[in-house]
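Peer 1: Can you read through this structure? Questions will come right after.
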Amino acid sequence: MATKQTEPVTTIGLEDLNPESSEPQKEPKTFTVEEAVETIGFGRFHIALFLIMGSTGVAEAMEIMLIAVVSPVIRCEWHLENWQVALVTTMVFFGYMVFSILFGLLADRYGRWKILLISFLWGAYFSLLTSFSPSYIWFVFLRTMVGCGVSGHAQGLIIKTEFLPTKYRGYMLPLSQVFWLAGSLLIIGLASVVNPTIGWRWLIRIASIPGIILILAFKFIPESARFNVSTGNTQAAVATLERIARMNRSVMPEGKLVEPASEKRGRFADLLDAKYLRTTLQIWVIWLGISFAYYGVILASAELLERDLVCGSQAETQMVLSEDSEESKSPCHCHLFAPSDYKTMIISTLGEIALNPLNILGINFLGRRISLSITMGCTALFFLLLNICTSSTGLIGFLFMLRALVSANFNTIYIYTAEVYPTTMRALGMGTSGSLCRIGAMVAPFISQVLMSASFLGALCLFSSVCVVCAISAFTLPIETKGRALQVGNNAKPFGILHYHLFPLLSDTPLL
């Protein structure tokens with residue numbers, strides 16, 4: 001009987017001594033912003049985001065392309081020489097270059113949305129003031145200030161990138177080129193009607209309207225959840241993600257949003273850290289070269305049409321000028337665009353969308369690096385083909401293909417740069433790249449509008465050589481971002497163990 005009484009006592013005692021023998025306690029579930037974005041998926045919010053943030057490209061294209069269609073008019077009105085016309089474009093990109101770094105630095109510290117709003121307010125204000133310019137000096141100064149404001153428009157692309165699921169970035173971001181195309185076509189079409197009738201000042205005022213409308217639309221787009229998390233504001237990030245989930249009629253991941261805040265944000269030294277040094281330097285070279293080629297094509301197109309620098313037609317133009325005593329004695333070359341010239345510009349501009357389907361396929365299947373190296377190599381070839389003596393139809397065909405290629409180059413490098421840097425320095429990375437890019441844009445006018453008049457072949461060879469250097473630099477980039485999750489911090493790795501099994505070579509380790 002004694003043994004029977006001790007058995008239950010012993011059992012109770014073991015349970016008391018070993019409470020862990022019962023059900024183990026479950027750890028609370030957690031998730032990251034990357035996992036939330038992937039779980040919520042693509043939906044109505046992203047369509048609205050694409051339309052509103054994509055429309056920033058319309059406003060930017062109209063402000064940048066404005067110079068190409070206004071240059072012949074101000075050349076005649078203020079009797080400008082070649083270098084004075086080129087200086088207008090150069091100063092616009094000088095302002096863009098200086099403020100790209102500043103806005104990128106501020107965006108990583110204070111938010112993408114705030115900087116985007118400030119840049120649009122700035123740009124619209126000074127653009128309207130430009131239409132009242134009393135002289136050439138005032139025109140140059142005010143357009144420089146417009147360039148400062150336009151430099152902040154890149155934050156729209158960063159917001160799109162940070163909200164899009166990984167598999168949609170390679171498709172949706174290149175489609176944003178449609179908005180740039182729309183802005184370019186709109187300003188050329190408006191110029192063909194407004195310039196000959198009510199003048200270039202009203203053209204500038206009309207061109208500022210899309211930017212003003214977008215300022216009102218920005219209230220529908222929230223601040224980047226990735227940025228909020230990087231600053232430690234997880235509550236705002238959760239509220240944003242929940243709003244997106246409701247709009248998309250989706251669900252949030254189970255658990256609590258847990259992601260370490262980063263105290264080091266927007267530091268220039270991080271771009272030159274050993275981990276990103278080679279990538280940063282090569283990206284800067286590519287951005288500079290792409291911009292040099294892109295704006296070189298745009299300005300060269302206008303110059304070819306304005307001066308008829310094709311196949312000896314220049315000689316015919318000079319004979320006509322020699323008969324006109326007043327124009328031949330003028331220190332500047334005054335020739336306004338004819339309706340056929342605007343038509344040619346519209347056709348060549350349409351080329352910007354021609355290769356978009358192939359560009360999307362290349363980005364998503366070949367990868368960012370190989371796709372960019374191929375299009376840069378083809379750009380170099382078509383620059384040289386411009387030297388072939390051909391008809392105006394042939395010229396339009398070559399310009400069409402060049403615009404298609406340089407547009408594809410910009411598409412790819414924009415996506416690559418936004419993907420390769422972590423959240424803590426993504427805006428600064430885009431800003432510094434955009435700043436270096438404008439050095440190429442500042443040099444392009446003097447090649448397209450000055451050197452091309454003296455040596456047509458020399459200018460084309462220079463453009464082609466720069467494109468070859470960029471093609472080599474793109475092919476040797478150390479990191480491929482195709483299928484790679486967006487990084488959070490400088491030492492962050494892609495989220496999820498599954499990612500490493502599927503994409504072992506797409507980590508931050510340089511590819512040899």
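Just so it is clear, glycine is given a Cβ too, placed from its N, Cα and C backbone atoms.
Curation plays no part in TrEMBL annotations; they are all automatic predictions.
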Peer 1: Can you say which of 117-135, 345-363, 364-382 is given as transmembrane segment in TrEMBL?
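Peer 2: The listed stretch tagged transmembrane segment in TrEMBL is 345-363.
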Peer 1: May I ask you to check whether the transmembrane segment (47-71) and the transmembrane segment (171-194) make contact, with contact taken as at least three Cβ pairs under 8 Å and only pairs 6 or more apart in sequence counted?
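Peer 2: In this chain the transmembrane segment (47-71) contacts the transmembrane segment (171-194) - 3 or more Cβ pairs sit under 8 Å.
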Peer 1: Using Cβ atoms and a strict cutoff of less than 8 Å, what residues sit near the transmembrane segment (454-477) while being 6 or more residues removed from its termini?
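Peer 2: Non-local partners: 279, 282-283, 285-286, 289-290, 292-293, 296, 300, 309, 368-370, 372-374, 376-377, 379-381, 383-384, 386-387, 409, 416, 440, 447-448.
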Peer 1: Is the transmembrane segment (171-194) packed against any residues at least 6 beyond its ends, judged by a Cβ distance under 8 Å, and which are they?
Peer 2: 46, 50, 53-62, 65-66, 69-70, 157, 160-161, 164, 200, 202-203, 206-207, 210, 337, 339, 342, 345-346, 349-350, 352-353, 356, 359-360, 363-364, 407, 410-412, 414-415, 418
